[in-house]
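Asker: When I checked TrEMBL for this same protein, it listed these features:
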type	residues	note
DOMAIN	1-141	domain 'MARVEL'
TRANSMEM	40-62	transmembrane segment
TRANSMEM	74-98	transmembrane segment
TRANSMEM	118-137	transmembrane segment
REGION	152-198	region 'Disordered'
COMPBIAS	184-198	compositional bias 'Low complexity'
Amino acid sequence: MMEGAYGGGKAGAAFDPITFVQRPQVILRAACWDGNACNYGVGISVIAFLASIGFIVGEYLFEQMPSIKTRKHYVLGDLGFSGFWAFLFFVGFCYLTNQWNKTEEIAGGIGVNNMQAAIAFSFFSIFTWAALAYLAFRRYKQGAEQAFAPSYEAEPGNEGGYSSYPDAVDPDGGYSQPPFNNTQQPQAGMMPQQAPTY
């Protein structure tokens with residue numbers, strides 16, 4: 001594999017997740033996560049807190065978004081982030097519980113309540129973020145259905161036909177003759193048109 005500047009690939013190249021995971025930097029950074037379960041829980045919680053603020057602002061501005069594409073991107077972003085964060089909290093819950101089970105009994109019980117609270121909040125966060133992902137999915141599905149719905153509705157009792165103006169009255173009861181007839185008389189001052197001869 002040919003590498004570009006500073007050991008990276010060419011800019012704009014396709015992303016390969018397998019190659020990414022096999023990089024030594026990525027492996028070592030992932031190993032750094034394993035050494036401290038609390039930092040993982042704190043990290044995803046802080047990012048979730050900041051993202052929640054951002055999504056609340058997005059909800060406030062949602063009604064003012066004039067573009068359907070902008071609304072679609074917002075809903076898809078909400079769906080993807082919420083689903084991914086539910087997964088990360090599930091991983092965090094399993095990780096914190098596993099590390100807590102391996103921990104020896106602490107003298108005096110210092111920090112026990114904090115750790116139990118972190119595990120409990122990680123567990124409940126799975127359901128709150130999963131519920132947010134479900135609501136975003138429902139919103140996306142509703143928007144997709146409306147995007148392909150017809151923009152008109154047939155009048156009751158007039159399915160398949162054209163409707164007339166409600167106050168329109170035709171005094172003649174309709175056309176008495178075809179609108180373009182060769183027997184019409186020319187108006188005053190106008191020459192009758194002759195059919196072309198071939």
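Yeah, the Cβs are placed from backbone N, Cα and C, and that goes for glycine too.
Curation does not apply to TrEMBL; its annotations are automatic.
Note that this is a predicted model, so its numbers are computed, not measured.
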Asker: I'd like the per-state residue tally for the domain 'MARVEL' (1-141) from DSSP, helix first, then strand, then coil.
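Answerer: Breakdown, helix to coil: 114 helix, 0 strand, 27 coil.
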Asker: Could you give the mean pLDDT over the domain 'MARVEL' (1-141), rounded to a whole number?
Answerer: 83
